[in-house]
Amino acid sequence: MNENESCVVDLTRSLLKDGPSFLSHKVIITGDIAYLRPTISAMMFCAVYIVVGGGLVSLATYLLIVSTKYDLSIFVGGFGIAIGAFGIMLIQPFLRRVSFNRGLGIFDNHIDRDVKLHHIVSFQINNKMIMRKHGLNYACFELNLLTEHGRRINILNHNNEQQLIHDAALLGEFLGVEVKDYRREIIL
Amino acid sequence: MRKIRNIFIGFLVAFSTSAFAEEAGSFKQTIANFSQSVDGFFNDYTGWFVSLIFKSVPIGEVGFPIIVGWLLLAAFIFTLYFGFVQFRRAGMAIDIVKGKYTDPNSKEEGEVSHFQALTTALSGTVGLGNIAGVGVALAIGGPGATFWMILCGLLGMASKFCECTLGVKYRTILPSGAVSGGPMYYLSQGLKEKGLGGLGKVLAVGFAVTCILAALGAGNMFQANQAHAMLSYAFDVPSEYGLITGIVLAALVFSVIVGGMPSIASVTEKIVPWMAALYIGMALIVIVGNIGQVGAAFGAIFAGAFTGAGVAGGFIGALIQGLKRATFSNEAGVGSAAIAHSAVKTKEPITEGLVSLLEPFVDTVVICTMTALVITIAGLNVGPYDGSGLTGVTLTAASFTETAGIFKYLLAIAVVMFAFSTMISWSYYGLKSWTYLFGEGKTPEMVFKALFCVFVIVGATIQFGAVIDFSDAALFAMSIFNIIGLYFLMPVVKKELASFIARVKSGEIKTYEK
């Protein structure tokens, strides 16, 4: 690729298509570290799947022991494993500690390559509308960072607008970078 | 009050650990008592409502429910008024789905592809109405009920076109940024524009109330009930264990509607089209495998439609069952589809109306007919058709199983998925009506959501009976308020259609060949 070649990064576009209709994380700052803490309600809703899945697997095991209904055991167990695995998959992002460490000078979200904090140019607040054909549609908000190399990485993604604005300001102040508001009117 | 108290006592006992610890007989008795109390409650307190909605006029030896005639007449009037739009503009509807009127280079953010739109629309039409509903129709109305279902599906396309166009045209953006639309809004705003604000308000409130009842009945208890009935049939699970089915379903519904977890909703949206494909695939295997009997099956359908042999009330009886179950399945004229379609991303309300008219065709004319053929070919549904034998989802499942034993397991998975996705959809319809009546806010919304989850457990636990009658009545009651409004507002839709066609012809709306 030619080094002189330039590209345009559209900061008004949201990065993720989906998003929850509840507050998923809050920004907590302790000393030189700013990290995202998942809310208890978010963890609980993920736990529902693990509990239901685990319950069904237990029921399947019980059925296997006390009866000869193998087809029912497989059906219930299969459903249980599917739901439980789904719950585990769902809860994993909440267990990952996303942090900005001023001491080490890096941002680590355990998904993308670590970003050096001095490469972060700005934060952007974006809004989007989550549309579902057979379900509620709701407004959702993103806080994304932009690096000097044009990388955009999502930090927060939930529907509590006030909390997100507050957290964006906290992070902006913590890192000394500007927060740009790219919220716009969405015409359906 | 005693009934209410008994229900609560039964509920508490059912959940107590001692009930689980005691022997199965005691548990069975407890659940039977609970079921009986709930059924008795519905019979005592909602029986008048069911009688009112299904008030009949005697035709020959049988009572013809006025509400069935009301829906049929409306569909007929809309068909005439819009100049047989479902036949003359079907090509245009398919072109819209194919993206002929959308610039491929101007795809907006969040916009779904036309293939996605089509699969979503098709998957949304396949549900327990196609599986359990057809089973009920044929068990009581004989094979001839199928003919009347097809007729109702064809006419219902015009009703759906009208209501879905209005749903988009009069939708509103709430302070939260969410889009809200549906009969509540077009009845109040549309009629206000015509100087009939008072009537519009009354109709909108009436619709919202009946929609909430239907969401708890047809969109919730019926689904949970039939999901457990399917599990009972496929795995020989005792009916009293519906409590477990109910708790599992309620927990999952809770996580979606209370928690707002986007992932499970996305997963459901992705799985349901495959379930629909699985169901259609199984039906095709049965039909193709018995291709020699298809002619005879159609013969029985046509003969039964006009003779009504073995059906209480003859052909009128077959007609009533066909029309009732077709409406339950495709929901044309009921107004629920207008709520879902109002959230779509489009600048032209008429395009959504045209796309939506394909749904009753796919749902009733194609898929319900396939189910009816499977049942008729299997030969398990024999006269007299009084519903005393196999009925509902068990008749359909038994008919599939006649061809291959594995079908009952595949059907069980499909039925549970359909029931779950339908409950999610109806929770949305119910919530929209609830917030229309009580306003947006965390507390009123949470009350409805909690109530909805409780009804899932109730629906899975109790037996068929008064509750199902209530589910039916609530769904049909929605059409009373909706159709009155549609009569007043149909000129608005006609104007929209004429304008769209004129702009397509003049080239103002460009076409894009793929």
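Placed from the backbone N, Cα and C atoms, the Cβ positions cover glycine too.
According to TrEMBL, the signal peptide annotation covers B:1-21.
Using a Cβ-Cβ cut-off under 8 Å and counting only residues 6 or more beyond its ends in the same chain, the transmembrane segment (B:62-84) has close neighbours at 53-56, 152, 155-156, 158-159, 161-162, 312-314, 316-317, 320, 323-324, 327, 332-333, 476-477, 479-480, 483, 486-487, 490, 493-494, 497. According to TrEMBL, the transmembrane segment annotation covers B:62-84 (among others).
Per TrEMBL, the feature transmembrane segment maps to B:202-221 (among others).
According to TrEMBL, the feature transmembrane segment maps to B:241-259 (among others). For the transmembrane segment (B:241-259), same-chain residues at least 6 beyond its ends with a Cβ under 8 Å from one of its own Cβ atoms are 14, 31, 224-225, 227-228, 231-232, 265, 268, 419-420, 423-424, 427, 431, 446, 449-450, 452-454, 456-462.
Counting residues 6+ beyond its ends, the transmembrane segment (B:271-291) has Cβ neighbours under 8 Å at 119-120, 122-124, 126, 130-131, 367, 370-371, 373-374, 377-378, 399-400, 403-404, 407, 410-411, 413-414, 417-418, 421 in the same chain. Marked as transmembrane segment by TrEMBL: B:271-291 (among others).
Look at TrEMBL and you will find B:297-320 (among others) tagged as transmembrane segment. Long-range neighbours of the transmembrane segment (B:297-320) within the same chain, counting only residues 6 or more positions beyond its ends whose Cβ lies under 8 Å from a Cβ of the stretch, are 59-62, 64-65, 68, 140-148, 372-373, 376-377, 382-386.
Long-range contacts of the transmembrane segment (B:361-380) within its own chain (CB-CB distance under 8 A, at least 6 residues past either end) are made by residues 86, 90, 122, 125-126, 129-131, 133-135, 137-138, 143, 145-146, 149-150, 152-154, 156-157, 279-280, 283-284, 286-287, 290, 293-294, 297-298, 300-301, 325-326, 329-330, 389-390, 395-396, 398-400, 402-403. Here TrEMBL flags B:361-380 (among others) as transmembrane segment.
Sequence-distant neighbours of the transmembrane segment (B:409-429) (same chain, 6+ residues past either end, Cβ-Cβ under 8 Å): 123-124, 126-128, 131-132, 182, 211, 214-215, 218-220, 223-224, 226-227, 230-231, 234-235, 249, 252-253, 256-257, 265, 268-269, 271-272, 275, 278-279, 282, 336, 339-340, 393, 396-397, 400, 449, 452, 456. Annotated transmembrane segment per TrEMBL: B:409-429 (among others), in sequence order.
Annotation source TrEMBL lists transmembrane segment at B:450-468 (among others).
Taking Cβ pairs closer than 8 Å, the transmembrane segment (B:474-493) reaches residues 49, 53-54, 67, 70-71, 74, 77-78, 81-82, 159, 161-163, 165-166, 169, 183, 186-187, 190-191, 194, 196, 200, 203-204, 206-207, 210-211, 213-214, 216-218, 324, 327-328, 331, 333-336, 338, 350, 353 in its own chain, all 6 or more past its ends. Here TrEMBL flags B:474-493 (among others) as transmembrane segment.
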Cβ under 8 Å, sequence separation of at least 6 from the ends of the transmembrane segment (B:202-221): give me the contacting residues as numbers and ranges. 183-185, 187-188, 191, 328, 334-336, 339, 422-423, 425-427, 429-434, 436-437, 448, 451-452, 455-456, 458-459, 462, 467-468, 470-475, 477-478, 480-482, 484-485
